[in-house]
Structure formats: structure tokens, C-alpha cells
């Protein structure tokens with residue numbers, strides 16, 4: 001989510017033209033994930049919290065999951081017990097125990113942790129909320145009365161609108177319209193799918209008797225399809241261009257040349273998603289970048305997983321179609337429908353997706369899993385002699401899920417725990433090693449970070465971001481030649497990688513290859529026009545070459561692009577001071593302090609300039625303000641002492657020289673100045689004596 005879209009200065013209207021990550025939808029680089037209503041809730045969160053305080057965001061996610069879990073009791077009562085109303089029009093819960101068990105299983109399923117604990121999971125939660133409301137709204141369209149079956153067009157249209165809202169929270173939401181149609185056919189019209197298929201194959205003209213026209217089914221399905229088509233058309237128009245451009249590391253199977261390899265790997269991904277629902281023990285924040293190696297031949301033992309998946313699915317489909325028990329047929333078909341249909345947008349069947357497996361996309365399909373699990377348990381309980389053992393087993397599964405949720409939630413509490421938890425699940429995932437390395441580098445543990453960055457590059461030799469970060473650390477450790485090799489390789493692999501070009505320029509500057517460094521900086525700026533840090537480093541290069549005008553221009557560009565760029569302002573003041581342009585240095589210093597009034601380094605630099613201009617009082621005030629902000633800076637005390645020394649305030653000069661030497665006994669020039677002052681004080685004492 002783009003931070004810019006959450007701030008009040010961004011017009012609300014812009015949210016409707018931006019993707020989930022803040023890029024313009026019309027851009028070729030856009031992710032095309034269009035979720036303006038989710039972003040709007042983040043913006044409201046930001047407004048009420050007064051900034052980026054995560055507690056409020058997390059609380060809303062937890063509340064949403066709780067509301068969804070409560071609504072699930074109603075949804076499961078309809079899916080498991082059927083849709084019936086009392087004489088007064090109130091809906092009856094004909095499966096109270098089963099619906100409660102299914103809702104509990106949904107509420108504590110560990111695979112949902114990512115949606116609830118991860119703030120961006122808000123999209124899945126909001127989508128699920130309106131998805132369920134759309135389904136319940138559709139059910140509300142049917143009432144029993146004395147004249148037989150009737151339905152409300154109003155509630156069918158409300159259901160379509162709620163489906164559209166679900167889609168504006170996340171793309172999966174549109175699938176509820178298809179599920180409503182399936183529910184209508186199976187539950188409202190009690191259609192036997194096998195009979196219908198047979199009649200269609202034999203071109204039987206008695207389709208009306210199958211219930212297609214009898215209760216307005218075709219009319220309602222036409223409404224649903226028209227609504228869905230309209231929503232998709234508007235979505236396509238807003239999107240502006242074609243689908244997003246993903247890379248091979250995001251979804252390697254979709255880039256395979258062979259149709260056989262693509263099909264077999266897609267099916268393997270489906271089996272892994274199914275396994276996460278059945279046994280959610282191995283959870284990972286990211287499954288891309290080599291986490292799951294491609295299956296390239298039928299001799300790969302992982303083919304067994306595909307066979308197991310399709311064996312189970314075909315068995316369930318046969319039972320759903322051929323069982324003599326209409327109740328069983330209905331529940332199995334609905335269970336499979338809720339399992340498969342919401343998963344279709346993530347299946348790679350219609351378009352390429354930007355992930356291999358994503359736990360968040362299983363949030364809605366898990367409804368189907370809960371239906372099938374609960375129905376299986378109810379069948380077992382009818383046949384089992386010792387029902388208490390079965391009840392204890394189910395209770396055990398719920399408790400294990402609760403414990404797994406608690407453990408997984410604790411891993412989501414910090415980046416370090418989250419990234420490290422992924423190492424055991426996806427040791428072949430270069431991004432996992434990269435994230436662990438970045439986390440260690442941010443904490444200052446460069447030696448450990450290097451190890452993980454090297455492993456990330458080993459696992460994915462084209463991982464330019466890992467090369468860039470590793471090159472950066474090696475640069476700071478003065479291992480310049482290896483840093484240059486890595487950064488050169490990174491820009492060779494990705495020629496428009498501006499950050500790597502800038503870092504390569506810094507390394508070349510350190511190696512005193514100034515022309516190459518200048519060229520690298522300008523290449524970085526060519527690929528990223530608004531790059532203040534690069535202008536800053538370019539200014540440093542020009543300063544080293546005594547090209548003072550060019551240096552000042554580069555730093556001025558940095559401050560125009562980023563007015564709070566303290567280092568660029570400071571370097572301008574210092575260069576103007578060192579070249580004797582005190583009036584200009586003073587003007588730049590005052591301009592900088594107006595923009596960044598609490599920056600003690602700017603106060604210090606301007607105080608030095610004012611002291612040289614003999615504006616002692618103002619200089620003293622700035623030095624004291626800088627010292628108050630940063631009392632342990634030896635140079636601040638040392639330069640204030642020099643000011644007092646010039647000013648003739650020798651006692652205060654002596655005091656600050658001593659403080660400076662105490663903080664840094666090796667401070668350049670301070671000891672000599674202090675000794676000069678002491679000799680002067682001794683001479684004054686002798687004269688006074």
C-alpha cells in the first residue's frame with residue numbers, strides 16, 4: 001500500500017485511479033490490483049490514528065475476522081442445513097451444531113493468520129465480509145408464502161452490488177456471483193446435475209421440468225451474469241492497459257515453454273494449497289523465488305501429490321453427482337463450489353498471477369474445506385459407535401489449530417521472527433535469505449547479513465537487489481573490488497536499476513576512477529529522474545575534483561527534490577564557508593534551517609559561518625542550541641570554545657575546550673588551541689599579579 005495514498009494531501013479521487021500499491025493503473029509498471037475501498041479504510045485508519053501507528057490497523061483486522069467468523073455461522077447453517085423460512089419469514093437454522101463447528105474451524109484455521117496479522121490482509125478480510133453479505137442478501141431474496149416460491153428482484157440486485165463492493169476490496173470478490181448461481185440451482189431449484197447433464201447430452205426437450213424455468217432461475221442467472229459482465233467491463237476500462245508484467249521468479253511455472261510442464265506444476269501448486277488447508281503447519285510469508293522447484297518430468301516423486309489431489313477430487317465429484325442421497329449431493333457440490341470457484345482467479349487458468357502460493361488467497365476457499373470437513377465428521381459420527389472419541393478428536397484438531405495460530409501470530413510480531421520462520425519452510429527461497437540479511441543489516445550485524453546475501457545470490461544468480469545490498473555492505477567495509485564486481489553485474493542484468501548505478505558510482509569514486517563514477521551517477525539519474533541521493537553523491541564527486549560550481553548545483557538539485565536533505569544543505573554551507581563565500585554560506589544556512597529547524601548539524605555549520613563573520617552573539621546561540629540537541633559532540637564544544645576564544649570570553653572558552661577534550665581527547669586542533677589559551681591565561685595572571 002502506498003503511504004502517499006493514505007495522506008490527506010492526496011485527493012480522494014486519486015484512489016480510484018491507483019492500484020493497491022499506489023501506482024497509476026494506466027502505467028505499464030502497475031500491479032493492476034485494484035482495491036480502492038481497502039485503501040480507503042487504510043486512509044480512515046491513518047486519519048484516526050494521526051499517523052502510521054500499527055495498533056489501530058491490526059485491531060480493525062481482528063474485528064473484521066471476528067465479524068466474518070460470526071457471519072459464518074449463518075452461512076454454514078444455510079449451506080449445511082438448507083434454506084427454509086418460518087411462517088413469519090424468519091430463516092431457520094436446521095444444522096446448528098454442524099454450522100457452529102464449521103464456523104469454529106474457519107475462525108481458528110492457521111492459514112488465515114497472514115490475512116489477520118498482516119496489515120495488507122485487510123483486502124482479503126473486507127472482500128470476504130462483502131462476499132458473505134452478498135450471499136446472505138441473495139438468500140434473503142427467497143421467501144415462502146401461501147402461493148409458493150417467490151423471489152425479490154431487489155435483493156438479487158443488492159447481492160450483485162455487494163459482490164461489486166467485494167471486488168473493489170479484492171478481485172476474488174466477483175466469484176460470489178457464480179456461487180450464488182450454483183446455490184440457486186442446487187438449493188432453490190433442487191436441480192440434479194447428473195440428470196441435467198444427461199438431458200443436455202440427449203437433447204431432451206423437457207429441460208423446463210428440470211426446474212430451469214419453473215422458479216425464475218434463468219432470469220436470476222441472467223441478472224447475475226449481466227451484473228458480473230458489467231462489473232468486469234468497468235474494471236477492464238479502469239485498468240486501462242493489459243495485464244501486469246510479472247517476472248519468472250514470481251511464478252516460474254507460468255514461464256515454462258512446455259504446456260505439459262506448466263500444467264503439471266499448476267496442479268502441484270493446487271495440491272500444496274489443498275495440503276495447507278488440511279495440514280497448515282508449514283506456513284511461509286513468501287513462496288516464490290525457487291521455494292518450490294519446477295517438476296520437469298513424470299519421474300519426479302512429487303507427482304504423487306497430484307495423483308492424491310485428483311483422486312480425492314474425482315471421488316468427491318462422483319459422490320456429488322451420482323449419490324442417491326440428494327442432501328449429500330447438495331452439500332458436496334456446494335462444498336466443492338466454495339472450495340474451487342473463489343480459488344479460480346489465483347489458479348493461473350485465465351491469466352498469469354504474480355505468486356506461486358499465497359496463503360491469503362485461501363481465505364475464501366477455506367469455506368469449502370470447512371463444509372467438507374464438517375460434513376465428513378457428521379457422516380462419521382452417524383456410523384461411529386464411540387462418538388465421544390470422535391468428539392475428542394475434533395476438539396483436539398480445534399485446539400491444535402488454536403495453538404498453531406498463536407505460534408504463527410507470534411512470528412508475525414517482528415520481521416526477524418517472520419523471516420527466520422520461513423528459513424525452515426522454504427530454504428531454497430532466495431527472497432527469504434535476502435529478507436533475513438536485510439533485517440540483520442538494518443540492525444548493524446553486517447557480518448551475518450553478508451552470509452545471507454551471499455546465499456540469496458547463490459540461490460538466484462540474477463537477484464539484483466541482493467547483489468546491490470551485498471555490494472553496499474562490502475563498500476562500507478572497504479572491500480571495493482568485490483563490491484564493484486557485484487554492482488557491475490547487477491546493472492548488467494538490469495540496466496535500469498538506478499540504485500545499483502549510484503552505488504557503483506560511489507565505489508568507483510572511492511577507487512578514484514572519477515570519470516566512470518560521474519558516468520554511473522548520470523546513468524542512475526537518467527533511469528530515475530527524481531533521485532536526490534544520487535545528486536548528493538554527484539556533488540561530493542565534483543567537490544573532490546574541485547569543480548565547486550558543479551558541486552553546488554548538484555547539491556541544490558538534491559535539496560529541490562528533497563528539501564529535508566540535511567547532508568546536501570550541510571555540504572553547501574561548508575563548501576561556501578571553505579571557499580570564503582561567507583555571505584552566501586549564511587544565506588544558504590538560514591534557508592536550510594527554515595526548512596529543517598531542529599537539525600543540530602545545520603545549526604553547527606551556520607554557527608561556524610556566523611562566528612567567522614563576527615556575529616558572535618547569534619553564533620553562540622546556535623552553538624548552544626546544537627549542543628542542547630546533541631551534547632556529546634566534541635566538535636560542537638570545541639568550535640564554541642574557539643568562538644569564545646576569539647570573542648575574548650576566555651573562561652567559557654576554557655570550559656568548552658575541556659568538555660571537548662573529555663569527549664574526544666584526540667580531537668584535531670582542540671588540544672593545541674587549549675594549550676594556547678592556557679598560556680594566555682597564565683600570562684594574564686602574571687600581569688595581574
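Cβ coordinates come from backbone N, Cα and C, glycine included.
In TrEMBL, annotation is done automatically, which means it is predicted and not curated.
Not measured: the values here are computed from a predicted model.
Per TrEMBL, the features are:
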TRANSMEM  62-82  transmembrane segment
TRANSMEM  119-139  transmembrane segment
TRANSMEM  151-168  transmembrane segment
TRANSMEM  174-197  transmembrane segment
TRANSMEM  217-236  transmembrane segment
DOMAIN    242-314  domain 'DUF1736'
TRANSMEM  303-322  transmembrane segment
TRANSMEM  334-355  transmembrane segment
TRANSMEM  361-380  transmembrane segment
TRANSMEM  389-407  transmembrane segment
REPEAT    430-463  repeat 'TPR'
REPEAT    464-497  repeat 'TPR'
REPEAT    532-565  repeat 'TPR'
REPEAT    634-667  repeat 'TPR'
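Outside the repeat 'TPR' (464-497), and at least 6 residues removed from its termini, the chain residues within Cβ reach (under 8 Å) are 430, 433-434, 437-438, 441, 446, 449-450, 453-454, 456-457, 503-504, 506-508, 510-511, 523, 527.
Tertiary neighbourhood of the repeat 'TPR' (532-565): same-chain residues 498, 502, 505-506, 509, 514, 517-518, 521-522, 524-525, 571-572, 575-576, 579, 592, 595-596, selected by CB-CB distance under 8 Å and a gap of 6+ residues from either end. Within the repeat 'TPR' (464-497), the DSSP-based counts of helix, strand and coil residues read 27 helix, 0 strand, 7 coil.
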